[in-house]
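Some notes on the structure that comes next.
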Amino acid sequence: MQIGWCTINCRFNQEEGVGDTHNSYAYDGNRVRKWNVTTTNYGKAWAAGDIVSCLIDLDAGALSFCLNGVSLGTAFENLSRGPGTAYFPAISLSFKESVAFNFGSRPLRYPVAGYRPLQDPPRADLVRAQRLLGCFRAVLSVELDPVEGRLLEKESSEWQVQGQPTVLLTLAHIFQRFAPLLRLYRFSPIVPDLSLQIHHLRLTVAILRHDKSRKFLLSSVLFDALRSAVFFHIKSPLRVEEAGLQQLIPTTWWPPHPGKEGKDSKEVKEETAEERLRRRAYERGCQRLKKRIEVVEELQVQILKLLLNNKDENGNIPLLCPPEYMVCFLHRLISALRCYWDEYKASNPHASVSEEAYVPPQVFYNGKVDYFDQQRLGGLLSHLRKTLKDDLASKANILIDPLELQAATMDDLDEDQEPSPAAAQRPVQALAIGGALPLPRPGWLSSPTLGRANRFLSTAAVTLMTPRRPLSASEKVKVRTLSAEQRTREDIEGGPWNEGLLLGRPPEEPEQPLTENSLLEVLDGAVMMYNLSVHQQLGKMVGVSDDVNEYAMALRNTEDKLRRCPKRRKDILEELTKSQKVFSEKLDHLSRRLAWVHATVYSQEKMSDIYWLLRVCLRTIEHADRTGPLFAFTPEFYLNVAINSYSALKNYFGPVHSMEELPGYEETLTRLAAILAKHFADTRIVGTDIRDSLMQALASYVCYPHSLRAVERIPEEQRIAMVRSLLAPYEQRPWAQTNWILVRLWKGCGFGYRYTRLPHLLKIKPEDANLPSLQKPCPSILLQQHMADLLRQDPDVAPSFLNSVLNQLNWAFSEFIGMIQEIQQAVERLERNFVDTRQLKVCATCFDLSVSLLRVLEMTITLVPEVFLDSTQPTSEMLLQRLAQLLNQVLNRVTAERNLFDRVVTLWLPGLESVDHYPILVAVTGILVRLLVHGPASGTEKATSVLLADPCFQLRSIRYLLGHPEPPGPGAAPPAPDRKRFSLQSYTDYISSEELAQVEQMLAHLTSASAQAAAASLPTSEEDLCPICYAHPISAVFQPCGHKSCKACINQHLMNNKDCFFCKATIESVEDWRAGGASNTSSAA
């Protein structure tokens, strides 16, 4: 933003603005510079809400600026002057920037002596207004004696209208002359001063209680000049002195910053007596602020309840509103909605209370509500009506209008096409409580769908009508989608033999209505509003708390330096003292702002509103799920709001308020867990984004003990179905989150897998204890048992699942090795170059995926070792051979002396912090220990023979785990004595002595077995070796083509492909083959 002055000869465009041409001058507080073709440093940085005064002195030919009344000095001199030269205010704005000008029509906030505003104050109108106000006060100070007919003096504060025609007619004449003077008066009820806002709101309530005045304001003022949304906003003050926060909260305090290990740190310092007094004084100030804000909120709810009465019959089109208004408005809407809902319940015993509110599923498919471009769980609405028309007819007695089915063309799939005539006539919907004139969509509106968030309020409002009879006819009803302007009241409220909004009730739903139909639509719109704007705004407010923590840490560090600084260094002491003062002042300001945010956004009452909305979504999803295929009509945003509102309750409202304090907390967690467990793999949900959101939500859910226990409380059949979905093959679906869920169920049980953070990251990377990946291990033995039962009992689950895991492990580790080769080559080039940060991130991701896949294999081997070691299972040998091959590949790449992996780890590249020896080697060690130490004797022998038979096996890799040096080869230089070697024995805080003993036992076993295998091995001619791997003798022949390989290669190949390696013919069977001729043993491909 550049603001200043220009002449009429300046020509601006997209590239050149104010200050970029010869006769234009500008000040930019964002970049702290002044501009006139060239640019130099000038002034101070500005912030949102600051006031800039632009001063021009044509007598001296000078131009200067002030920021919040403080002069920034002369910016430009020797301005061009003379005949034909005039200067005009000018500004250049970037996208989403806005500014309000005051040329003198209102009193200047910071007038400057010697300068006049461009616009003179309306003195004549001010004189008239003062005289009329004097007449008004004079009328209020007298009353007419009804007996004697003479005027009597009266206290104006006690004046009331008592039906005196003379007084009322006199006041009417006064207002008739006073009203034109108010047209140019800029009034806004959003002010930082709460006492003034309370006064404005009380006056508004009094006016709106008068029916004729309310109707006039709705049609002429509230949705045109003022926009009613402003009445429901409580503006966060940019300067605490404007809101009187210094008087309400004279003592400031800020919470101590958590230790390095987050919330569970035991190194929290005890609170001193002085800190305790400050905290209590601060809390008392916060309570005073909260009580003042509660008065404002109660008045806003009263205004909303008055406006929600749709008897005013105002059908104008609503206006758009800024997204920051949405948070406050949603809370007022929920308060008013619940109040009217419970009032309806009081007069209708068969209705439900607001605590049991939900949106019936028929609202989503009967066409009474137009959801615009909001996606459905099953895809496009036109597609659903085509494919599910039979279900609509059988379950809901609904026939889709044939004209709508014919109109569903390929245009529905192309969002870039020109809108249809019907869509072009549809007005842009937005926030309103009645109506307004249609206006073009403002550019500052961030979301293209935000304007539609409250389209329900244009027609759906509280109307206390007489009860109606539900539809009892058995014939089917033909429906079509109605836009907001096409609907009538009967479409919502219904009538005789017409259920209105509840048309098409499925048999699973109760016959008695929950509440008034219009309230259901308001509830539906409130959920949509949270999805489109409110959740995003809630997340932005958390930044104030983060700023407090950062400045508090900076202040503590500065105070520590002051204590350590020598007294002789006065220059350093002076700078540190200045820094201490700056940080203290900033913390005083931020702590008061934090109190404001906690009172207006993150209070206990606001938390209860979001919690109620979460429970509404859960009940709505549960009822929609019972409709079977019709569940696909449910808008996606119901699942999004259920996920996001839980996330907001867990992350945004703490640590001041906790979810555990909410009523029914455990039950709500369990119901949400059941929804996530059932629908993350629901075939009725087709949207990629919503499926990913469900998967990520479930992955986060199992990271925390309280939510993981909720998953364990859902019914057993749902738990088993969830685990079965997790064990589906990884191909052709997003598998990374699935694998992450399985890893979290295992973390805490694996070999050396009890850490919260990796050992090498404790000192080099700051910790955010709220991240799901950094939560303490909380394994689920119950879900592990379900996994073991499924792998053990279903003969098809284990081979397909493990084969897919091995495939993905092979891919992820190969990609990781290829990327670190490229990184190493880039680093070794002589010319200066930079490694792409995206490449580093992908490289680290492949490494993390490799580790997590290895952990899933470790869990599988621990729970169901017979899948790999039981010779009676046809796929066990093939799976074991593939596993051994991959384990040897990983060990060889990671444990080689001065190899590629070792060199990249020592570079400490940003983005590769998680790449280290420990995570991947302990995962491999865990698998080997389970195979070679914990297994039965027969299984251990089988695993040992397969591992040693792999040509990539090297005993030195096993020795590397315990820090044993590799024997130097002939003529090789001995290793440097000061070189630090990796050893599991160095991680005694993470690996127990029992686990180290098992590794020693494994090493001794493999040393002995490898010596015996070397002595007993016989040489094999090259002609008898498998032409695929050149590691094993030929042992199988393919039919009908007759080509040969070893069994390991062909079995692995047949898991994914049925074509021959060599001729691509379809393999029908595989027969055993020996060097003397083929045997009769065969197996079907």
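Placed from the backbone N, Cα and C atoms, the Cβ positions cover glycine too.
Residues or ranges marked as domain 'B30.2/SPRY' in TrEMBL: 1-108. In the predicted model, the domain 'B30.2/SPRY' (1-108) shows an average pLDDT of 89.
According to TrEMBL, the feature region 'Disordered' maps to 476-499.
The coiled coil annotation in TrEMBL covers 813-840.
Per DSSP, the domain 'RING-type' (1026-1064) is made up of 8 helix, 8 strand, 23 coil. The domain 'RING-type' annotation in TrEMBL covers 1026-1064.
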Who are the long-range neighbours of the coiled coil (813-840) in its own chain, taking Cβ under 8 Å and residues 6 or more past its ends? 846-847, 850, 886, 889-890, 893, 900-901, 903-904, 907, 909-912, 915
Count up the helix, strand and coil residues in the domain 'B30.2/SPRY' (1-108) according to DSSP, in that order. 0 helix, 44 strand, 64 coil
